[in-house]
Structures are given as structure tokens and as C-alpha cells.
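Residues annotated as transmembrane segment in TrEMBL: A:105-127, A:294-315, A:321-347, A:359-381, A:393-412, A:421-441, A:447-477, A:489-511, A:517-535.
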Amino acid sequence: MASSPHPPANPSSPAAATAATAAARASTVAASLALPSSHDPVVRIPVWAGVVVRVLLFTYTDAAPYFRNRVEVVTPITSWKRLQEGLFMYRHGIPPYEGGVFHQAPLLLIVFNFLPPILIPLLFILLDYWIARALVAVATHKRALQIAEVWPPARAAAALDAAEAKAQEEDDKAQALTMLDGTRGGDTVGKSLLTEGGAWFAKHAGGAEPPVASDEEREIDHDDTVLASMPTTDVPPWLADDTDAVVQGKPAYERAGAPPIVKPADPTQPVDNVLHPEDVGSLYLLNPYSIMTCLAQSTLLFTLLAMVAGLQYAIAGKRAVSMMCLAIAAYLSLYPVMMVAPAVLLLAQRRAISPIQELKTAAPLFLGSLATIFGLSYLLIGSWEFLPSTYGVILSVSDLTPNIGLFWYFFIEMFDQFRPFFLCVFQIMVFVFVMPISLVFRDHPLFVAFAMSAIMAIFKPYPSVGDTALYLAFFAMHQELFKYMRNNYLVFAAMLFATVLGPLFHYLWVYAGSGNANFYFAITLVFGLARIILLTDTGHALVLREWERLHPDLRRRRVEIVHK
Amino acid sequence: MTLASGLRRAPSPCILPLLLFVLLALSLSLLPATAAAELAEVPTAAGDLAAPTNKDIVTLALWSEDARANDEAIEGFFSTSGHTNNWAVLVCTSRFWFNYRHIANTLSIYHTVKRLGIPDSNIILMLSDDVACNARNHFPATVYNNAGRFLDLYGRNIEVDYRGYEVTVENFIRLLTGRHESAVPRSKRLLTDDRSNILVYMTGHGGDEFLKFQDAEEISSYDIADAFGQMHEKKRYHELFFMIDTCQAASMYRQIYSPNILAAASALKGQNSYSHHLDPEIGVAVIDRFTYYNLETLEKLKSGDPASLAELFASYGRYAIASTPGIRRDLYPRGTETVRSERVFK
Amino acid sequence: MGTGRPPAKRPPRPPLSAPLLLPLLCLLVTLLAPFARAAPSDETYEEDLQLTQLPDGKVLAEFRFLTRIGPAALAQVKENHYSLLPRAIGEIVQTFGVEELHLTFTRGIWNHQKWGYSPLSAATGVQLWTWFNVSSVDDQWKGLTHALSGLYCASLNQIDRSSTAEPMLSFRPEGDYEDDAAKDNLELRYGSLPHEAVCTENLTPWTKMLPCQTKAGIASLFNAYRLFDGHYHSMGTHIRPIAMNEGSARGMELLQTLSVVMNPLRLDNRKDWSLSTIFERKINSACAIAQKSDVTVTVSGHAGSSFNPAPLSTTTDKHGRMSAQYSLGSTPHELDVGVQWEDSAVDHHVNLTRSYIHVHRYQTGYGGERGGLAVDFHNRHPTADLQITYFETVPWYLKLYLHTLKAETTANASYEVVNDLYFQPAIDRGRPAVLEMALSLPANSMTTLHIDFDMAYIKYTEHPPDANRGFDIGAAVITFKPLDASPESSALQRIHTQTVLVSLPTPDFSMPYNVITLTCTLIALFFGSMFNMLTRRFVPVEAKL
């Protein structure tokens, strides 16, 4: 990359221009930093509100037994009813895995064997609250990342024009190469960082040079990695609760003593809402999907908790605990093994070592934990027959009860001779993107976590709305991407329709008999389509935003997507 | 398998004289010694006495002074068509009471071939529903093919080999090609060899190049052609007469490519095949037209009747059947004029 | 068939081609005739017809054909020499290591409320249970079901592993064995086909196993048109080992039974009947082979009834039923027994002393997702608590939840109804769920068992061709010791519940291609978008003016 045949476009004039204004701006910024960046117009709902809703619904309504039987909410591998059956058989000395009903992990039997029934709803509420707290912890990290994010300012428009004018004279091909070159104008960027962001960095990093490449050989892409020590209380001016105020120059409504409004000096830099971590927790807990899952007492919550806790501990740098949590998650429902990838990336970032190096330590820990858990299960059950009855059922999709996923109807209708082939294709489909996503988005481990949870929620054989609740929480963390996304209306309208029509069509098919299986199947397709579009749209938004961030001079240009 | 059965079925030359001697001795001992003058008439008489299947042998055993009679007897034994046994596979593919006529069609042919002498052990009867003891049947344990109800086709001596849910495309093709599980009993197998003439009769609801089985699956003309092809490769038939009574029936024999197969169908492609008449007391149609008019000829056949298949085909009336029956002769070089109907259905 | 073959045998497919067959058979018969006459004499054959007019006017005809094969004859059977025992049966018993076999074909349901209990009542459809004395029981069971399916023209081969149960409590070997250890070594398999049609093609091979077929003896009454026109029809084949005399060598007993319930009132609304009115046949002659050939006519309330013709003797039992005995050997030909009544009043009341247990099984719930199976056990006996064994086998596609099993009784809440419970969970496509319970029914009470199930969503190929009809769940078996049985008697009475028809949710059977196409489109969309996202980069569009 650095061996560009052309020298960077003349950097002197824009650099001088920005340097001249830098001092003046820095003082304004410094003054504004003492105050909140803008007035917060949003009423924040506390996390415990979701807990209250759950307690009320458990106590005063019959929602819990209702949702326990909904195909959208519970699946054969998370059903509370089936767990009870397994528990009953276990307590009465009938091997619980011998039959075709119970497909859940043996350690769950232990948990519920000793739990008094009165505490069971409380346990599920607690689990959900715990997930929410872990999500808050993850979101806190995301907030820190957001605050620490560096937007290299664009050079002066004149300089851009001059550069273009000069570039016009250049050979087209060579020009294209230059444009593609991420290191172009590296020193310009370095200097310009001393403007607004630079000042902010200077203040908060104790006067240290902002962690920006001054070395021409170094790629910008890798500079914005985690700044774990970054204080999260102070928010840079381009992150605001009231973005309207920042963009339009006045707050949404006037209030006495409102702080002065500071806009980012660079008009090409987006103004984003600052992430309030508690919001992610409340969003998760107030999400109807997660409320339904909790009321149904789906054992999926154990998996979700183990997954999120794994990420939380990875952020905190606790490698062993993190890997143990993920091992539990993988043990409970197999697919969370994919979450090892973002956890390893997070750990590597935290320790500032390469992910491969991190994996060398983390993988044995993960496998060791997994082996220990399996050993415990073996001791508990006394045989390995739980393996085919849990993971066998997950992998071979032998239970074709409808859910919101894509497997059930496909394999009801599949011709017998092609069944193994499509089974392999579909299962590989779930795992195939782990590696590429982790490689391409290695600087955005939380996005990798989001993508993994989304793929799991869409493509695992027995998905339920609980999986969707988790990935929507991860989605909410990436709110800076919203303005780059194109299909939000379509996606959320489709999700809403699917959520409303799904139960309706299921009723028409199974109870009223006035519809057939295709109705419900069509709705699961719509739901799947919405979630697939959401996932890919978010990914594109991230790529586009990163490109804009790292190409300050090209932010105003129309871009197209090409193979590189 | 072919080798083994060949050894078993075709008596080797050294056994044959011995056998003939024994038979000769046996039959002569049965006959009155003074019957020399009646010898010329004996073949028919003996044929009527013994089971029809064994007529040829008995004929041969009665050695005559008349050279012509001997020649005929020898020809009869070694059978001009070169076959030694006859089999029938009769399939009704329709389920449900309103398809009564398809069961009646199949049972009519069953009755005919049994009357002409194919034993139950050589008939594979597939009926996909039970209409005889159906609660809707006003006449329990009977199936009639005529509103006059002269003849109960179910009788008191019926052997249904595949019935109900067992009548599937898979089982039908397994039956033809002989690829069964080891546990399947002999009565459910088509134990034919290259000396066997087979009548395959199918009826049900079909369309262009397919025939529905029980409203749940279809067999295509290619499946049938390939099954016959495999039968030919495995030497499972000598000659095969494929008869099908369904809509667009002629499309079902289009793809057949194996030699020595003669096919007759109730309707050409694009034509429907209609039922003949309704029995108001049973409440549904009791027979299809094509089968009905076939039976008109076949029911008059007697053992040893010289009527040829060509005559049977010539008897098909377009207007009576209300569709144009299709005959496929190109795989059957021997020609239908020389084939005695009685031998095909026996 | 009618090709002049020896009547008592139903030979398998001739290995020789048909035209060669008959002379050879004649030859064989001629050659073997001296041996056949030397058949051991420890074979006996008896036949017995019991005609009972039930209180509601219906006539129950119970035919029993009992063949006993002594040890000597059994030894000859092992050398492929058969005389009284049908060859097909002998071969099956020997090939598959069968010790005991009970096979019934039944149409209709035995109304034990009105008709009392009958040892010949059986579950609707086909019911088969067999004790094996071999090691590889599963293979032998499969072979046996296939062989029986060929023999009886029934779809018995569809009793596969997923519908085979191994009951623990309900069935005990019924034959005579050396000791209990011999009994314990046997293995039991139970299967049923609740939806199997029973018709002439099943009756024909069954009658061909009778020594006189339908040509003579009581079997000459078999008129398929009438037999299958009754309210209830059940034919059974029961094989068990027996001790012929005080020796250790055991023989074999083949009991063929046929019971049929006819309704004389249907014809002219009169209770009068005779063989010729209900069977349209008379008994022309006795079967010459039969050592005993009896006909018994029983009427319950005998006031105003008269037997016709006059019986050899009459007896009255403790329930006030009068029986008339006839013997085919000593009565003239053309026997046409019957009963004449002075009035045609019928009694539809349930006789509680004769049918003190009544069981009713039904499905609860609605919709195609969940349901429940409920069984009401009525013990109508005023004083006696009854011990019964309840045996239920439920196909795997109804997923039973054992923890939802509830037993409630109207008598006394503290009464322990369930004494013992054996539950074998189902395996998908592998085996059915088996629920066996020893229950104690308090006197004069109703006990209800209820268990929830989920209906499985099964592959479209696993649905029967008439998928909208649903799946039949075979009858449950209730076994108990009759109250009037002596304490040392081991005779058990079985009654069977109704079958239950369950509709599973069906997919759209015409959809395979559409579903594959649509789902794969979605997958392809995902794969393509992700691939784009991961491999493509943004470049600015060059302004080329």
C-alpha cells in the first residue's frame, strides 16, 4: 500500500490552513468540554422497568402458560414443558435421554432438580436481568469505543479541488490506484487530528499524542482500536443526546441554562447520538420478544446469559472466565461456539496482542472447560446417551416442530434422498461465515458478536424470538450505523408484520383449519428475509462508515462498491 | 439367480425322457385301455378334466398314432410363444370409495385370468382400498362390476397380495424388478423368469405420462419403462402384455423400450377414459368402459380358444369406449395375429 | 385355487412351473400315501360352536377349532411331515422360533357393557402378540410379521419397530411350560394395526387351515356375505405349547376362533333366529376328522323361548341362562338350530353384575398441536375393589408427557389408585411409548387417567395417502382377573378400549419444490449479500466529464 507510485497530493496548503485555525478551535472545544455536550431530551427508562413488567405479568396474568406453548417462543430444545418431562423422568429413575421428548443439556436437570418451584419464575426473571446487566456492561465498552473513535478531518475543500485538478492531469489508472490507497495523505491526517478531535484527545489522554499514526507506513485502519483506559464520562462534541441541536444549531426546545452548542469543525463528520449503555439493557428487557421468552421460561435464557457474560468478561480481559462462559453456552445449545470468535478478538484487543496469539491461549481454555462440563454431565447421567439426544437432534433436525426458522418446513417437505445433503448444506451455512466475518471486521469485535448472534438467530435449526431479542440488543448498540442503512423501514415493517401475522397464520393452520402450513411458512420466510436484510444492511453500513471515516477527503464523493 | 432358476425350471434333457415316461405311464394307467378310438378327442377331454394349466403336459402324455396330433401336442408343450408359465400383476391404484370402479376393473381382470387358469400363486393383486368390506358397501364382502350384480368378483376365494397403504410406487417397482427385502414372503414376489409371460394390468387416475397412486404419489411412464427395462435385463419375462385403463393411458406406454412388450391402453394422450355405468344401489360407477368391453370379449374366451389378440383389439369400438384405445405393437415383432388371447390371459 | 390340490395343505409357491406340478404332486401323494396313514395318533381335532342370544336380541356365534399336536407328531413336523397341523403354521413356528402366537383380526368393537365379557373379544383391527424362545427376537419378529402378512393377506408387515411394544405386566405366557424359568426366558413382542381392514381375503386363508376347510362341520356355516355383515367380527389364531399328558414332552395347540355378532332383529324385527336365517346356511355334515363337534345354544332370559330342533340336553347355569346342546355326530344332516320367542321384547339394560368394569378412552383438547388422552375406568361393582392392569401403546408421533399423568377417582381422594407404573418413552421413528399401570379401582367409582401429548410434525412422506383422515391409535388393553374366577385359576380376562383417531397437522403435500426453491432463494440472498459485504470495498466514483 505504501509503495504508491505517486507522492501524496500536495499536503502543504490544507495542512497550513487547518493548523492556522486549530488553536482557536481548540480553546472553544476545551471550554465546551466542561459542560454536557448538549441537553438530553430523552426520557431514559431504567433497566429495572423490564423486571417490573415481568413480575407483574408473571403474577397477575396467564401469559406465562400461554407463551410456554407458543411455537415462536419455545422450541423442542428450549421448551420448559419438555424440561419438566426430563426432570420428572430423571427424578423417577427413567433415563431422560432414552426417549424422544427431552433434548436439553444434563446440567439443566441439576439446576432445576434442587430449585424449589416457587423460585423458578424468579430465576428466569433474574436470568433476564442478568443478561440485561451484562449487555449494559458490553454497551459501556461500546460507548467508550464510540467516544474514542477518531474521525480524521477532511482537508480544505480547496485543497481537495486542487488535488483533484492535479489528479485530472494524471493518468486515469494511476489516479484510481491513488484513490484506493488508504495511506494517502497520512501525514496530513496526522496533523489535522490536532484540530478538534486532537484537542479532545490531548485533554483526556493527559497531553499525550493522540494514538494516531504519524508513521506513513502505518495504516489508519488499525489505529482506532480499543482505548480501554479512555474515560467514558466525557463525551466529544459530535456525540450528543440531542443530535438535532448539534446539526441545526439549536436544541429541539429551548431551556434556560442550556449549554452552548458546539458543532464538529468538520462538516463531513457525522453527528451521532451518544450511546447510553443503560438504554441497551432496558431495550432488551422491554423488548416483547425477550419478555415472551422469559415468561415462557425458555431455557434459552441460560444460553443467552452465558454468551453475553462471555463477551462481558472478554471485554474485562478475564480470559478464563470468558471462555468458561462460552463453553457453557456452547454446551447448552452448540451454536454459541461461534461466539468464541468475537470474544477472542475482544481479548486480543484488550491485551493488544494478535488474535491468533490470543486464540492459542483461549482455545485450550475453552476446550478444557467444555471437556470438564461434558465430564460432569457424564457423571450425572452415567452414560453418553445424552449426546445424540441433544446435539444429535440439533444437528440432524429430527424434530420438525414449526418455529420461526427456515429448517422445519424445508425438512418436512424435503425428498428423502436429498435430506442428508441439504442438512449438511444448511448446517455448514450457519458456521461458514464465522471466519470471514471475524477476519474482515477484526477491529469491530462487537459487530462480529452482533453478526454471530444474528446468524444464529436466523439460521440455527431451532431459533426462537429470544435469539432475535439478543441480536436486536446488539443491533441497538450500533446506533451510529443507522443513518447509513437503507432498508430500516422495510426491515422493521416486515418484522412487525411477521410478529403479528405469524401467530395468526399458525392459528389458521393448526386450529382453525382455514389455512394451511404454507401460510405460516410464508411468514417465517418474511421474518427471515427481514432479519437477513437487517444483518447485511448493518454490515454494509459499517463498511461504508468506516470507509468514510478513514477517507476524510472523499467523504463527499459518491461511492460505489467494487471487488477489491 | 437366472442360472439357478433356469436349471430348476427348464428340465434338462436327461431328465425329460424320464419324466415323459413317468407321465405316460401314469396317464395311460388312468385311461381305459379301450379308449384308442377316442384318442383324437382326448386332448380336450383331458384338458377339461385336469386343471387347465396342466393341459399341455397331459396332452403330450397321451401319445397318439396320429402324427398330426403328436405334432400339435409337441408344439403345445414347447409352446409356440416359448413360455412355460403365466403371471399376472393386477394393480388398482385408487383409494376411496368413489373409485369403486377401479377395484371392480382390477377384480374383473383377476376373475378372468383366474378363470382361464392362472393360479392365485401366480397372480399379484394390488388393491389400494377395501371396498368389499367398506362400511358404505350395501352388499358386504362383495364387489360387482355390473349393475345386474350377477357375479360377485370378490367371491369366497380371493388372495390380495398388497392392499391398502402397501400399494405404493416403491412396492410396485420393487415387485416388478424383484428387489425385495429378504423378509418379504414368496406370495408377495413376482417369481418370474425368462420363460414367463406376464400380464400387467393397471387402472386408476392418470394423466399425461403419469398414474396416480392413492392420490399421494405418481408413477411416471419413465418409471414403468425403466422397470420393464430392468426386468428385461434381469430376464424376468419372456413376453409382457401391458394393459392400462386410465385417462391418457397411451402416454403411459410411450417410453417403454424393452423388447417383446405389447401394450394396450384405454385412451390416447389427451383423451379421457370414462366409466361405463352406475349401480344405483351401490351408488357409484362400477366399471370403466375400456375394461368393460375387454371383458365382453375375454369373458367369452374358453380354454383352448383360438381367438387371437388381434381379434380382441379389433373388437374395440371407439364409440362404445368413448375414447380411442391405443395399441403399441412396435416392440412386439411376433405380431398380434398369432397370439391367442387365451394364452395371454392365462 | 381349486386346482385339485390336497385340501388340508396350502402349499407355498411351487418351485416347479405350473404345468409340471400336478402330475408330480399326484406322484408324491401316491408314494407318500403309506406314510401318511402311519401318522402318529397323538393329534386331535375338535370343533365347537356356541351360539348365544344376548339380552339385546343379538346372536353371538363363537366358533372354536382346536387342533392338538402331540409330541410325536411335533417331532415329525420338525422333519417336514405334516398331517393335521397346517404346514404354513408349522413352518412359521419353526422358522421364527415362536413359542406362543396370538393373532386376531377384528372388525367392529366388542360392546362389553351389553354383551358381557368374552374370551374371544379382541382389539379392533389386527392384534398380534408372540412369545419367542430365540435370541435375535427383533429379526425373528420382523420375519414373522412379513410371513404372516403373506399368509393372511394383511398388511402385518407394517408392524415395524416403531410400532412394536414389549409389555411387562399385561401378558403372561398362556401355555404349559416345564417351569417358571422357561417362561422367564421367553421374550414378548406386541403389535397392532388398528386401521387394518378385515375381509374375505383374510378369512379365506384362515379357513384353509381348518382340516375340513368350509366343506363340512360347523365351518360350513361360513358365509362371508353374512359374517362381514355383523356388528362384530373377530377371527383369531392362537398357538401355545401344551402338556398332553403327564410327561415332560410338550405338544402344541392350535386354536382357531371366530366370533361374530349378528342381529336377527335387523331382518324382520323379531328375535327368532336359526342358522339359516343368520348365516343363510345349514350344517350339512360333521367334519369326519373331528373327535368332537358340538353346538351349544344359550339364551339368557329363557322365558318364552324354545329351542328348535329339540336339543340332546339342556342345562341352566347360575346366571339363569339356559343352554341347549347338540352334537353334529348324532344329529341328522341339515342341522338348522335356532330359537323361537313368544314375544320380541329385548333388554337393552347393562347387566352390572356381568359387566362391572367399563372402560372408555377418548382424546381431549382441540387443534392440531396438543392434546390429551383420557381413560375413564368405571368400577360398577357395589363392594369389590378391582385390580386391573392397563396397557397402552402410543405411537411416537404423539409425544407423551409423563409428568402430566393424573389419576383421579370419584371415590375417595386419598385412595391410592396407581399401584405400579411402567413407562417406556418413545423414540422418534424407533419405538412407541408404552404405558403400563397396575391400577386398583375402588368399588362403585369412576377413575380417570389423563395424560397430555404434543403432536409431532412429521415429514410429508410419513403421512398416509389419506393424511386428512388421521392416525389410529390402537386399543388399550385392560387385563383383570374375573371376579367369579376361582382364586387359584390363572385365567385372565381382557377387554379392549376403543381406538382413537388423531389428526396430525399436515403440511401442504404439493409444496416440496416450492419450499425448496423459496427457502434456497433466501439462503442464496443471505450468502450473496454477506459475500458482497465481505469481499467488496467502496471506491469513489470518478467524475469523468
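Backbone N, Cα and C define each Cβ position, glycine as well.
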Taking contact to mean three or more C-beta pairs under 8 angstroms, with sequence separation of 6 or more, is the transmembrane segment (A:294-315) in contact with the transmembrane segment (A:421-441)?
no
For the transmembrane segment (A:421-441), I need the partner stretch with the highest count of C-beta pairs below 8 angstroms, choosing only from A:105-127, A:359-381, A:393-412, A:447-477, A:489-511.
A:447-477
Counting only residues 6 or more past its boundaries, what in the same chain has a CB within less than 8 Å of a CB in the transmembrane segment (A:393-412)?
71-72, 75-77, 100, 103, 333-335, 419, 422-423, 426-427, 458-465, 468, 498, 502, 506, 517, 520-521, 524-525, 527-528
With an 8 Å cut-off on Cβ pairs and a sequence gap of 6 or more, do the transmembrane segment (A:359-381) and the transmembrane segment (A:321-347) reach 3 or more such pairs?
yes
Same-chain residues near the transmembrane segment (A:447-477), Cβ under 8 Å, at least 6 residues beyond its ends:
72-78, 131, 135, 138-139, 142, 275, 279-280, 283-284, 287, 289-290, 292-293, 298, 300-301, 304, 307-308, 311, 333, 335-336, 338-339, 341-343, 345, 394-395, 397, 399, 403-408, 426-427, 429-430, 433-434, 437-438, 441, 499, 528, 531-532, 534-535, 538-539, 542
